[in-house]
Amino acid sequence: MARTPGPAPLCPGGGKAQLSSAFPPAAGLLLPAPTPPPLLLLLIPLLLFSRLCGALAGSIIVEPHVTAVWGKNVSLKCLIEVNETITQISWEKIHGKSTQTVAVHHPQYGFSVQGDYQGRVLFKNYSLNDATITLHNIGFSDSGKYICKAVTFPLGNAQSSTTVTVLVEPTVSLIKGPDSLIDGGNETVAAVCVAATGKPVAQIDWEGDLGEMESSTTSFPNETATIVSQYKLFPTRFARGRRITCVVKHPALEKDIRYSFILDIQYAPEVSVTGYDGNWFVGRKGVNLKCNADANPPPFKSVWSRLDGQWPDGLLASDNTLHFVHPLTVNYSGVYVCKVSNSLGQRSDQKVIYISDPPTTTTLQPTVQWHSSPADVQDIATEHKKLPFPLSTLATLKDDTIGTIIASVVGGALFLVLVSILAGVFCYRRRRTFRGDYFAKNYIPPSDMQKESQIDVLHQDELDSYPDSVKKENKNPVNNLIRKDYLEEPEKTQWNNVENLTRFERPMDYYEDLKMGMKFVSDERYNESEDGLVSHVDGSVISRREWYV
C-alpha cells in the first residue's frame, strides 16, 4: 500500500511550506517501516519554517496606537519591507469576529475603496512598499482596530494591526454670570466656563485668585461629556477691571484654551468736591469748584446747591463744575453741596467756602526827581496826612489792642488772688505747727579754748515735767540740775498761774561752781509783766523771750 503525502502546512500568514520525504517508496514494493530520523534532523526544518514565517510577519511596520480627533483627518502608517514579490496590499477593519475591507491596492488593477469609506480614504502614494492611508472626516464609527495586510509570492500573506481611538475636541465658551456684580453684595457667579461634548471630559481651571470655582459634569451615550465651571466671588468695587481666565485642557487639543473675562463691578457714586485752596478773598476772580464722581454705571447728572438754601448771583453750574462768574464777595461764603446719582443710589460731598478780606499790600510810588518851590512847600504844609492803611485794618488793630489790655488786667487780678491764697495757707500751716509745748534744749558746754556763752538758765521748779521721749534720753543724766521734787510731782498746778511767772533773776555766775550739764534757764532771770507773755492756742502762757529761744 502506497502512502501519499498530506497537504503542506500553512504559515500563520497563509503561506505554504513544501515538505518532501527523504526516501520515496518504489512503486509496488513493500518496505519495512523506516527508522525514525535523529531528533536534530527533525528540528532543523521546523526552525527554518518558523524563521521564514516570523521574518515575513515582522517586516510590516505600523503604529500600534493612533489618536484621531472627531471631524478631522488621521493617517494610518504601514511600511512593508520584504524581499519577496508583493502582489497586493490592503486595509481591513475588524468588526467583532468579522473583518471589513477598507481599501485595496493592486499593482495591475489599481486602487479600490469599499463601502462607507469611499471618498474618505486615500493611499499616500502608489508604492507597494508603503501602504499608508489618510482617513478624512473622522467620526465616532471610525474608532477600532485596523489591519494592514500584504500578499507576497511565494510566502503568502503578512499583516500587522493598529488601534484607532477617536477623541472629541470640546467646544469651549465663556459667558458672564446670570446676575450683576454689586459692590458689597453676597457671593455671586461672576463667569461661567463651559467645555461641551468632549471625549474624554475636559479639565477646567481658573486664574485670578479672587474667588473659587464650582464645577459639574454631564455624560452622554456617545461617550462624550460636558463640564460646566462657575467662578464665584464676593464683589467689591476694588475688583472692577480685574481679569479672570478660564483654562481648558484636553488631549485632543494641541495647546490649552484660555479665555479671559474682565470683571464689571457696579457701585454707587463716590463723590468729592475739589477746587478750593483755602485762599479765597474778596475781589478774587476765575475760581470754580469741581464735583468728581466715580460710579458704575456712570452717573446721570451732578446737582449743585448750598446748605443754607441761598444762591447768590454769579454762580453758574455747568456739568460737574460750579463757576464763580463775578469777583468774589463775602456773600459767596457758605457750604456748597454736590449730589451725584446713578441706578444704584445717590451720594454727595460738600465743601465749606470762606471768603476772607483782601490781603493788605503797600504800593511804593515811583521815585521822581522833585524840584521844590514856595507853592509846593505851602501845599505840603496845608495837606492833610493820609495813613497808608485802610480803615478796616485800623479798626482791626484797635480791637486787638483793647482785647490785649483786658486780657492783661484779668490775668494780673487772677495772679494776685492766687498769691494771696498761697500766703494765707502758709501762715495758717505755720501757726498750726507750734503746739505750745516748749522743751529746753541740751546745753553744750564750750571747749577749753572757748569762753562759755552767757545764756539764760531756767529754774528747775519752773519747768513742766519731761515728755516720755525726753525721759528716755536722759535716764541717768550727769550733773542734771532738775530738782528731785520737781520730777516727782505729776503736775504743777501753779504753772499756769500768772503770779508765779514773776521771778527774780540770778546772775550767770550762780552756777559757775557747778559742772556743766543739762541746765534750764529759770524765770528768776526775767522780770516780766503781763505784756511780756504770750497766750498759746492750748491755753498755756509762754514768755516772749522763751518764744524766741
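Sequential numbering from 1, following the chain as shown.
Cβ atoms here come from the backbone N, Cα and C positions, even for glycine.
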By the record in Swiss-Prot, which of ASN125, ASN500 is the one labelled N-linked glycosylation site?
ASN125
Going by Swiss-Prot, which one of CYS246, CYS291 is joined to CYS193 by a disulfide bond?
CYS246
Check for me: which candidate out of CYS11, CYS53, CYS148 does Swiss-Prot give as the disulfide partner of CYS78?
CYS148
DSSP residue counts for the domain 'Ig-like C2-type 1' (170-258), split into helix, strand and coil
3 helix, 51 strand, 35 coil
Which secondary structure state does DSSP assign to CYS148 (disulfide bond), in the simple three-class scheme?
strand
From the Cα of ASN73 (N-linked glycosylation site) across to the Cα of CYS291 (disulfide bond), what is the distance in angstrom?
64
Reduced DSSP assignment, ASN125 (N-linked glycosylation site):
coil
Can you tell me the three-state DSSP label for CYS338 (disulfide bond)?
strand
Can you tell me how many other Cβ atoms are located within 10 Å of the Cβ belonging to ASN331 (N-linked glycosylation site)?
13
Argmin Cα dist to ASN73 (N-linked glycosylation site) over the recorded positions ASN83, ASN186, CYS193, CYS338 returns CYS193
Reduced to three DSSP states, the domain 'Ig-like V-type' (58-165) has 6 helix, 65 strand, 37 coil
